[in-house]
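As written in Swiss-Prot, here are the features:
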BINDING   49, 88, 120  Mg(2+) binding site
BINDING   49, 50, 88, 118  3-methyl-2-oxobutanoate binding site
ACT_SITE  187  active site, proton acceptor
């Protein structure tokens, strides 16, 4: 604790040091209000490009822009004081080359105040990861089911069911880790492969639809809270069902308005009495 009584914000080295220790809890956040609610309870707040589907109604993450990620990343940093904030690099903001990746990653860090960026890809992105890390930009990698490559992968299906696919993903994980990533999201792979990746790489692994053996876990908060109804992946556990609660509150409010029960006298300002 600091002299002011506030806990210090967790930094990239704090997360990296959790390898093989107490698992790291990660949740997504896109707004100030959600960041404030989640911040005391998790080690990492991930501003994921999943916001494109959850907040904007896109059918994939591909339409998400750099400006969107920066706006939401800055909001989450402002709304938090403890968690390490990581911001996704959106599709086409880093794949062109390492110089493009550096320019956009540097802009994300400078304009949001976040601690690190996350990018998807395996061996083909190792050079870019190395380029960023050597220039002071911490990187969280992402292998396995990579949503930005959904068109090339042929949809959202579990990866690593064949020997060839397992070897490819394991090689991707090693390449990104050796390039200097401090953490690695392992998404949508068969459980034994996620366990093997965790054992093979020196960096923290964060599982999502992977394995309890990973060094941490991440979920999309709207999935966890029952707020995203488009579909529920197999790997999601709903810890609350807030959708019906919100619907009931809205319906009750609307009924009170129509019946003139709201606002009541306690919600309006009385005129001052003349002195």
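Note that the numbers count up from 1, one per residue, in the order the chain is shown.
Keep in mind that glycine also has a Cβ here, set from the backbone N, Cα and C atoms.
Taking the features listed in Swiss-Prot, we show where each one sits on the structure.
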| residue | record | contacts (Cβ under 8 Å, 6+ apart) |
| --- | --- | --- |
| 49 | Mg(2+) binding site | 61, 64, 69, 88, 90, 91, 147, 148 |
| 50 | 3-methyl-2-oxobutanoate binding site | 28, 61, 147, 220 |
| 118 | 3-methyl-2-oxobutanoate binding site | 46, 48, 86, 87, 88, 89, 139, 140, 141, 142, 185 |
| 120 | Mg(2+) binding site | 141, 142, 143, 146, 147, 148, 149 |
| 187 | active site, proton acceptor | 142, 143, 144, 145, 146, 147, 207, 208, 209, 210 |
Extra residues within 8 Å (Cβ to Cβ centroid of 49, 88, 120), Mg(2+): 48, 50, 61, 64, 89, 90, 91, 118, 119, 142, 147, 148
Number of other Cβ atoms within 10 Å of the Cβ of residue 88 (Mg(2+) binding site) across all protein chains: 29
